[in-house]
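So the structure is just underneath, and the comments pick up after that.
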Amino acid sequence: MLSYITVRGGISLLAVRRACVLSRSAHSAPQSKHRAIKKVMVANRGEIAIRVFRACTELGIRTVAVYSEQDTGQMHRQKADEAYLIGKGLPPVAAYLHIPDIIKVAKENNVDAIHPGYGFLSERSDFAQACSDAGVMFVGPTPETVRKMGDKVEARSLAISAGVPVVPGTDAPISSLQEAQAFAQTYGFPIIFKAAYGGGGRGMRVVREYEELEENYQRAYSEALTAFGNGALFIEKFIEKPRHIEVQILGDKYGNVIHLYERDCSIQRRHQKVVEIAPAFQLDPHLRDRLHADAVNLAKLVGYENAGTVEFLVDKHGKHYFIEVNSRLQVEHTVTEEITDVDLVHAQLHVCEGRSLPELGLKQDKIRVNGCAIQCRVTTEDPARGFQPDTGRIEVFRSGEGMGIRLDSASAFQGAIISPHYDSLLVKVIASGKDLPTAASKMSRALAEFRVRGVKTNIPFLQNVFSNHQFLHSTVDTQFIDENQELFNLKPTQNRAQKLLHYLGHVMVNGPTTPIPVKAKPSSTDPVIPSVTMGDPPVGFRDVLLRDGPEGFAKAVRAHKGLLLMDTTFRDAHQSLLATRVRTHDLKKISPFVSHNFSNLYSLENWGGATFDVAMRFLSECPWKRLQELRALIPNVPFQMLLRGANAVGYTNYPDNAVFKFCEVAKENGMDIFRVFDSLNYLPNMLLGMEAAGAAGGVVEAAISYTGDVSDPMRQKYSLDYYVKLADELVKAGTHILCIKDMAGLLKPEASKLLIGALRDRFPDVPIHVHTHDTAGAGVAAMLACAEAGADVVDVAVDSMAGMTSQPSMGAIVACAKRTKLDTGIALEKVFDYSEYWEVARGLYAPFDCTATMKSGNADVYENEIPGGQYTNLHFQAHSMGLGNKFKEVKKAYAEANKLLGDLIKVTPSSKIVGDLAQFMVQNSLTRAEVEERADELSFPLSVVEFLQGYIGIPHGGFPEPFRSKVELERGKILHIKALALGDLNKAGQREVFFELNGQLRSVLVKDTVAMKEMKFHPKAQKSIKGQVGAPMPGKVLEVKVEVGSKVEKGQPLCVLSAMKMETVVNSPMAGTIKAVHVTADASLEGDDLILEIEE
C-alpha cells in the first residue's frame, strides 16, 4: 500500500468541501471571472443524476431533471426541484440523446448550466457546442476539447505529441470491415475494436481469430451507434493481461491542471469495470509518478478544464500505454473523493463558474491520499448465466450500511422496476478504510447485509471476489475474472421469507395447489335420528364423578364388573377417517340418543387434539361452544379430552400459567377427564399437564404412549421394564387413571397380555384404560386380550365409523363380551341404530373420507409404526401429489426416518417430525445412509431441526448421534407474516398480494392462472422440446438473421438481442431447418420467450 501522508486537517483540507461552506463572493481573484450558477440541469438519469443533484443542493443551486417516458417512476425525477419530459415518442435511450429537446427544456426554464453525467451525451462535442450556442454552460471541458478527447484516434495522436506511450492502432476511425481485416493481417491477433466516440465498454470487442472478425465488427459498430449515436470504431493491438490504471485529473480555465492520484480498475467483465480501488495496490512508485506526469502533461497540452480521466494499460513488464481520455465524470469517481476528501462535483461546478483551482485550495502539493477506498458496482445481472441482465420488480431491498460505507443509488428500493432499456447498475457501494484489507473487510460486511429479492444481482459473485486470496494480497489484471472460475461457485441465497410469501400469495390468488384426489360429492341424504324416549337420561358415570369426585370416580371404575368402553366416535374416529371435519351440527343431532342409550359408557371422547385447529381454521366454529352445547345434551356421560402435556392442544410448549388456565376453563365448560400425554413420554412435560388438570378439578388420566413390541425380545429400547417404570412415576405423581395410548395399533394380543398383566400386578387398585387403532385389523382381538389381562376400559368407535385407522368396532366388542365376565351391559340393537345414523352422516363428508384413496388397513403398520390418523393423512397426501403409487416408498422411508431420529415414540407432534423427514427423503431420493452422510449440508425440515434442538423435550435414550451434531441447528429465525390485501389484475395477468412481514410491508406479484387463460401472451420456450429456442434474457430484438426454411448449423447466429445497452447473439443449439419464427425486429421479449423453432 502507499506510504503517502495520511494526516487530516490543516491546509491539506483546503479542498472543495471546505470551499463550499464559504460564500461565493469571498473567493474572487484578479485573474478569474466568475459567473454564478443558480440552476443546473442534469442531462442524464439514475444514480449519477441524483449524485449531481445532491452536490447542487449543498451549494444552494436549484436542480432540474429530465426523463424519458419509460422513466416516469424513476427516483432521479423525484429528487430534483423540477422535472421535465424529453424525447416523447422516442425509444428509451434515444430520448436522452435528443439534444434539441434537452436544450429546449433548459432555455424555457432558465437553466444556467447542464451537467451531462456519464454515458449518453457526456462525451459528445456537438452537445457541448449546442449548450454553448444556447448560452447555457456545459459542466465539462470545452466543445473542442471534448471533440479531441472523444475522438480516440485524435486523442491518440495528441498523446504521441505529448510523449505518452500508446498501443499500436489505427490513426483514424475505420469505415469498413476490409480495413479491420487489413489491420489484423499487419499486426496479428488478438485485436480490439473500440468505439471512437464513447467508453464504458460499449462498442468494445476483443477478436482472437479471423473467423470472429466480421461478427464482432458488426456487434461493436451496432453497440457504439446505439450508445453514442455514432458507430465509428478504431482498432488497437490487444494487450494481454494488463492492469487497467486511470488517473483522475482536474483543470480550470486558467491552465492549472492537477491529478488526484490513480484508480485500479482491472477487475472487469465485458470490458466493464466491476470493482475499483484507489489508490492502486502495490504499484511501483516510479511507475505511479510517470502515470501522473503523463496524465497532467497530456491535459495541459490540450488546455483541459474541468474533471476528466486519463486511462492507461500497464503490461506485465511494468510498461504503460495510453488508452483514452474520458472527458467527463467517471462512475468510479467516488473512490477518489473518499481518499482525497475532494468533492469532484463541487469542483466541476466551481470551475464551470470560472473559479481557479488555487482559489479552491486545490494545489498539487496540498492533495494527500488518506487510506484506501473500494467501489463495487452492484448490478442486476446473473453471474451464473454469464452476467446476463435481469429485469423485473424489486420485491425486497435492504442495504448494507454503517461506518466506512457510502451508497450511491437511484433504483434501489422496494417496488422499483428494473427495465431492460438502461444500464444494469443498481447501487454503487463504496468502502473506506486505512488500507486495502480494512476497506475490503468493510465491503464484505456490507455486501453480506444486502437483501435484494425479485431480481438477480451480482452480490454473490462480489462476495467471492472479496474472499479471494489474490485480490486481497496481490495484484490483479483484466483477466482476473476469466482466470478465477471459482468466483462463479456462488453460494445460493436462502430467500426463505420471499419464497414463503410467493407460496402464500399463489394460494390466495389461485387457491390451494394440492387438489382433492377424488371427485366424490357430499351425499344428499340426511341421516335419520333414532327415536329417543322422553324424560331425563339414565344415571351415568358422570353422576358418580359429580357426587364422589375424581378419586371416588376412579374407585367406581375399578370396582365395576364387566368391561367399560370409551366411545371415540365424537373425535378420534372422525379425525382418523374424515380429517376431523365433522361439524357440531351432526354431533348435536345424535347426542340425545347417546345420552339415553349409552349411559354406562366410561366416557365420550369429544374434544382436544386436532379439534381446536380444524374447528377454527376449516369449520369456522368455536370449539368452546361445541363443548358447551354437547354438555347440555349429554349431562350423564363423562367427557374426555386429549391434553398434550405442556403443549395443551397446540404443537409447541406454552407457558405454565396458560396450560393451567386452559384446563380450568375447560373444566368449567363441561370437560371431565383429561387424558394427559407427551409425544416423547417426556416426564417433565407430562407432570405439568397432570398438575394443571388436577388443579382444575378434573380426572387425571396419565397416558403412556406405546411403541415397539414388548413381546419381541430383540426390541429392548421400549421394553416391558421401561413401561412399568414409567407407570411407577405417573402413579407416584397422583394419576387417577393409568392409560396406554397405542396410537399406531401396534399392540398384538400376546403383547397386550404381557403389558397389561404386568401393570395390573404392579398397580392392583389403579384403573387401566387402553387406547388403540385398528390399522392392522387386529384391534378387537388385542382389546379383548387387554380386558382379559385386567384392563378396565378399552376404546371403540361405532361400527360405521370403526376399523382401518380408526378404533375397533363397538358392535364387535359388545357382541364378543356378551354373556361373559367382560359383558359391557350395552344393548347391541342400540349400537346398530347408532351405527346407521353415522353410516348416512359419513356420506355428508365424502370428499374427506379416507376410503376415497384407502380401501383397507394394512398389517405393515407393525413395521413402519405410523399412527392411525397420520397413516390416513400421509396416504391422502401421496395421492394428492400424484404419488399414490409411491406410498409404499413413503412408508418405508417413515421407518427409516424413525431409525435416523433414534426410534421415537410417535404421536403428534413427534409423529409429524418423523413424517416430515420421511417425505423429505422421498422427495429428494435420499436413503438413510445418504442422509446420515450428508447431514451437515442438507436443509432439513424445520420440525426436524427444532426436535434436535430440544423444542419438544428429550427422547428416551437421548438424541441420535452423530446425526444430531451434524445438523445445522439455526436458531432465532422466526417469520411473522400477516396477509393484508389482494390487488387488481394488471396487464401481465398478475395480482399484487400485500403482506406484513416482521412488521414491514411486503408485496409479491402472482400470476392469476384463471385470468391468464383469457389473456394472450407470447409463448414460452419449453426446455423439454428439442429445437425450441428461447430468449436468454429480457430485451429487444435488434435483428433476425434467419427465416422459415433456412438451413442452420450448430452455433450459427439466429438473432441479436439488446438489453441494458449490451447486445447478445443467440446462436443455434443444433443443426437443422427453421420450422417457425415467433419474433420480429423491435419486438420486446421476456426471459424464455419463444424466438424460433428448429427441426432436424
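Placement of Cβ uses the backbone N, Cα and C atoms for every residue, glycine included.
Among the features that TrEMBL reports, domain 'Biotin carboxylation' is placed at 36-486. Residues annotated as ATP binding site in TrEMBL: LYS152, GLU236, HIS271. Under the heading domain 'ATP-grasp', TrEMBL lists 156-353. Under the heading active site, TrEMBL lists ARG328. Here TrEMBL flags 563-832 as domain 'Pyruvate carboxyltransferase'. Positions annotated as Mn(2+) binding site by TrEMBL: ASP572, LYS741, HIS771, HIS773. Per TrEMBL, the feature substrate binding site maps to ARG644, THR908. Here TrEMBL flags LYS741 as N6-carboxylysine. Residues annotated as domain 'Lipoyl-binding' in TrEMBL: 1026-1095. Among the features that TrEMBL reports, N6-biotinyllysine is placed at LYS1061.
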Check your understanding: What is the pLDDT of the domain 'ATP-grasp' (156-353) when averaged and given as a whole number?
Key -> 91
Exercise for review: Run through the Cβ atoms and count how many others sit within 10 Å of the one on LYS152 (ATP binding site).
Suggested key: 24
Revision key, fill the gap. Checking the recorded positions ARG328, LYS741, HIS773 for other Cβ atoms within 10 Å of each Cβ, the smallest tally belongs to LYS741
Review point. Given the recorded ATP site (LYS152, GLU236, HIS271), which additional residues of the same chain have their Cβ within 8 Å of the Cβ centre, ordered by sequence?
Key: GLY169, ILE192, PHE193, LYS194, ALA195, MET204, PHE234, ILE323, GLU324
Point to revise | Per-state residue totals over the domain 'Lipoyl-binding' (1026-1095) - DSSP helix, strand, coil | key: 0 helix, 39 strand, 31 coil
Check your understanding: Of the recorded positions GLU236, HIS271, ARG328, which sits closest to HIS771 (Mn(2+) binding site) by Cα distance?
Key -> HIS271
Review point. Between HIS773 (Mn(2+) binding site) and GLU236 (ATP binding site), what C-alpha distance do you get in Å?
Key: 84
Review point. How long is the line from the C-alpha of LYS152 (ATP binding site) to the C-alpha of ARG328 (active site), rounded to the nearest angstrom?
Key: 14
Exercise for review: Starting from the Mn(2+) site formed by ASP572, LYS741, HIS771, HIS773, give every other residue of that chain whose CB sits within 8 Å of the mean position of their CB atoms, in sequence order.
Suggested key: THR568, ASP742, MET743, THR772, ASP795, GLN807, GLY868
**Study point:** Integer Cα-Cα distance in angstrom, HIS271 (ATP binding site) to ARG644 (substrate binding site)
**Key:** 65
Revision key, fill the gap. Neighbour count check, CB within 10 A, over binding-site residues GLU236, ASP572; minimum at GLU236
Practice item. Give the distance between the Cα atoms of ARG644 (substrate binding site) and the residue listed as 'active site', rounded to the nearest whole Å. Key: 72
